[in-house]
């Protein structure tokens, strides 16, 4: 009988380990912005060339926010330094479906310069944001 109870308890414990996965934690906007600021600061402090000097479209962050920043960085490939930034931006972009851009950007800038602009925008939003 004791062996039977032990087996049932063991199966119950193993069943809990095989559960679908952890419940995603809800992260507030200020914490996510702070995480993005830390990531962008780390990227800008590194003195090595960022993404082999790749170029991205210069966008108006004040008008489009994090979604246009994500769109601009999406076409960069083989650049491990910005993967975490892209993931954070994806979480901050609250757009449900792709939208059409009314005016196409016509200027490209280096990724390093874009990251610096994004850092300034994020810091300003963190200080004066509506949360």
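A Cβ is built for glycine as well, from the same backbone N, Cα and C atoms used for every other residue.
Here Swiss-Prot flags 1-18 as signal peptide. For 42, 52, 75, the entry in Swiss-Prot reads N-linked glycosylation site, with the evidence type sequence analysis. The annotation disulfide bond is assigned in Swiss-Prot to 51-79, 67-93.
Ranked by Cα separation from residue 79 (disulfide bond), the recorded positions 42, 52, 67, 93 are led by 52. Non-local contacts of residue 75 (N-linked glycosylation site) by the CB criterion (under 8 A, 6+ apart in sequence, same chain) comprise 56. Counting only same-chain residues six or more apart in sequence, the Cβ atoms lying under 8 angstroms from the Cβ of residue 51 (disulfide bond) belong to 76, 78, 79, 81, 82, 111, 112. Rounded to a whole number, the C-alpha distance linking residue 52 (N-linked glycosylation site) with residue 93 (disulfide bond) is 26 angstrom. Distance between Cα atoms for residue 42 (N-linked glycosylation site) and residue 67 (disulfide bond): 21 Å, as a whole number.
In the shown protein chains, 16 other C-beta atoms lie within 10 A of the C-beta of residue 93 (disulfide bond). Under DSSP, residue 93 (disulfide bond) is assigned to coil, being neither helix nor strand in the three-state scheme. Ranked by Cβ neighbours within 10 A across all protein chains shown, the disulfide-bonded residues 67, 79 are led by 67.
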